[in-house]
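J.: Not my notes, these are from Swiss-Prot:
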BINDING   GLU171, ARG217, HIS448, ARG489  L-aspartate binding site
BINDING   ARG217, ASP218, GLU219, GLN226, GLU482, GLY534, LEU535, ASP536, ARG537  ATP binding site
REGION    195-198  region 'Aspartate'
Amino acid sequence: MRTEYCGQLRLSHVGQQVTLCGWVNRRRDLGSLLFIDMRDREGIVQVFFDPDRADALKLASELRNEFCIQVTGTVRARDEKNINRDMATGEIEVLASSLTIINRADVLPLDSNHVNTEEARLKYRYLDLRRPEMAQRLKTRAKITSLVRRFMDDHGFLDIETPMLTKATPEGARDYLVPSRVHKGKFYALPQSPQLFKQLLMMSGFDRYYQIVKCFRDEDLRADRQPEFTQIDVETSFMTAPQVREVMEALVRHLWLEVKGVDLGDFPVMTFAEAERRYGSDKPDLRNPMELTDVADLLKSVEFAVFAGPANDPKGRVAALRVPGGASLTRKQIDEYGNFVKIYGAKGLAYIKVNERAKGLEGINSPVAKFLNAEIIEAILERTGAQDGDMIFFGADNKKIVADAMGALRLKVGKDLGLTDESKWAPLWVIDFPMFEDDGEGGLTAMHHPFTSPKDMTAAELKAAPENAVANAYDMVINGYEVGGGSVRIHNGDMQQTVFGILGINEEEQREKFGFLLDALKYGTPPHAGLAFGLDRLTMLLTGTDNIRDVIAFPKTTAAACLMTEAPSFANPTALAELSIQVVKKAENN
């Protein structure tokens, strides 16, 4: 039906007869002449109808936005004065000789000339995807997956599929369950990741595996998460953590070079402890130049419990954040930041405005200055590198609250004051995470997952002091987003059972949930390590959007619903009966 795409026509096509298929993007009727912007997935081209082709011109007068049409015509060069430098096809136009209206369009529920609500965009997603910016994002996503496959093939990785219907295993979120009709009362789980299957593939001898795979997590959704998402999943045997990072870094550098024309350079490596100390986050945005500075040792003897308490508590921390030029902040803005940190558990936000440092106490403005002598204030200014016109904010509490609150404040202030360089790319690796963290109930939970190997510890040493264990894990972070994470896996049965025990999984439960894995570990398991990238998040970064739904063709809302198909929906009672399932309604509270 077509000979060319609209958006691919150039001066080299001048004089050629072409047939185009697509949609009316815009129509301009000048009486004796009628122009349309005709659109397909590759872009837009101007088509015009003149009186010499009266039949085509008459039919064109019926055209409206989003009519699906076919046009045959001749490509012509535009006059110099009519060239549109903002269009890829702006140097040419098509003189139509014939027009076919393939399908007409009703009045559109979306307005291309205004910003539509996200609810409307998701309900009429098939129309939203016609927009050039949306089409371009999905084309970029397709390019990314193609680049990934070629890179992985070139590096000896095998694309191997793993099951979608599997067994529920604890991986940190709730599973989506699928009832079995054949096995009454039993359920499959949709995979949160192919984690155990890819480890089993290593045990099977497939030493380089990858897969671009759908994963499912039934969890409360944030703006950058979806209940079903896509991973670039990777596993290797006989490779160390640095070797895995080297190959995966090369993959991401390749993507940025091919898609953005940007060389990311070598990625710096930072430990979890350093990232938390300097940035208050295990996924720091290095485009923001501000850092946290520990000042607890300067404040242990002050008669101000807000500072002295955490300063003298081994589990406490007092950190300062110097904001260049922050002295210009108003009291209202400071109060807003004070309320902001309370979201993260902080009780408030102390500060020092540095007006003229050389004047000592007279050169600052601070509600806590009365608790601090000139010597302590000067020591704080010296350590933070404060200059005239700067602001210093303080966080004082337990280590987690200080990191969370001050890390979030750092990001917000950096964005608000334009201190974060939005034009930069800032990748890094974060390594050496704690293996376990407090579960809030007196026990421990795995920071990554229970199949991650500890670093430089025997099973006996791990059992004796699990709180000291460092995971042989690594995350890739770009511009403050965790785009991928992985680890060296446990390849020894005793170590795996020790980890399960630390997590409160008794031997009976171990056999019930992971018996197949424990059995497999008995038969010459190779050392193995891997990583998974979030394809959706990578695409989000590479297309310059901050909404993950913009890079998924048919996404869900934050309530895990599809507004277009109205999924989820109630099941047919007969189908439920076949599955031996009965829906029980909760009693309403009177």
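Glycine is no exception: its Cβ is also placed from the backbone N, Cα and C atoms.
As the structure is a computational prediction, the values presented were derived from the model and not from experiment.
Tell me about the setting of these features in this model.
T.: Cβ contacts within 10 Å of ARG489 (L-aspartate binding site), excluding its own Cβ and spanning all protein chains shown: 23.
In sequence order, ASP224, TYR481, GLU482, VAL483, ILE548 make up the list of same-chain residues 6 or more apart from ARG537 (ATP binding site) whose Cβ falls under 8 Å from its Cβ.
Model confidence over the region 'Aspartate' (195-198) is summarised by a mean pLDDT of 97.
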J.: Other than its own, how many Cβ atoms are within 10 Å of the Cβ belonging to LEU535 (ATP binding site)?
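T.: Other Cβ atoms found within 10 Å: 24.
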J.: At a 10 A cut-off on CB-CB distances, which of the binding-site residues GLU219, GLU482 has the highest count?
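T.: Comparing the binding-site residues GLU219, GLU482, the most crowded Cβ belongs to GLU482.
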J.: Including all protein chains displayed, how many Cβ atoms other than that of ARG217 (L-aspartate binding site) lie within 10 Å of its Cβ?
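T.: The answer is 21.
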J.: Sort GLU482 (ATP binding site) into helix, strand or coil using the DSSP assignment.
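T.: SS state of GLU482 (ATP binding site) = strand.
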J.: Where the distance is taken from Cα to Cα, which of the binding-site residues ARG217, HIS448, ARG489 turns out closest to LEU535 (ATP binding site)?
T.: ARG217
J.: Cβ distance under 8 Å to HIS448 (L-aspartate binding site), same chain, sequence separation 6 or more: which residues?
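T.: In sequence order, the residues whose Cβ lies under 8 Å from that of HIS448 (L-aspartate binding site) (at least 6 apart) are PHE433, ALA471, ALA473, GLY485, SER487.
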J.: What is the three-state DSSP composition of the region 'Aspartate' (195-198), stated as helix, strand and coil residue counts?
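T.: Taking each residue of the region 'Aspartate' (195-198) in turn, the totals are 4 helix, 0 strand, 0 coil.
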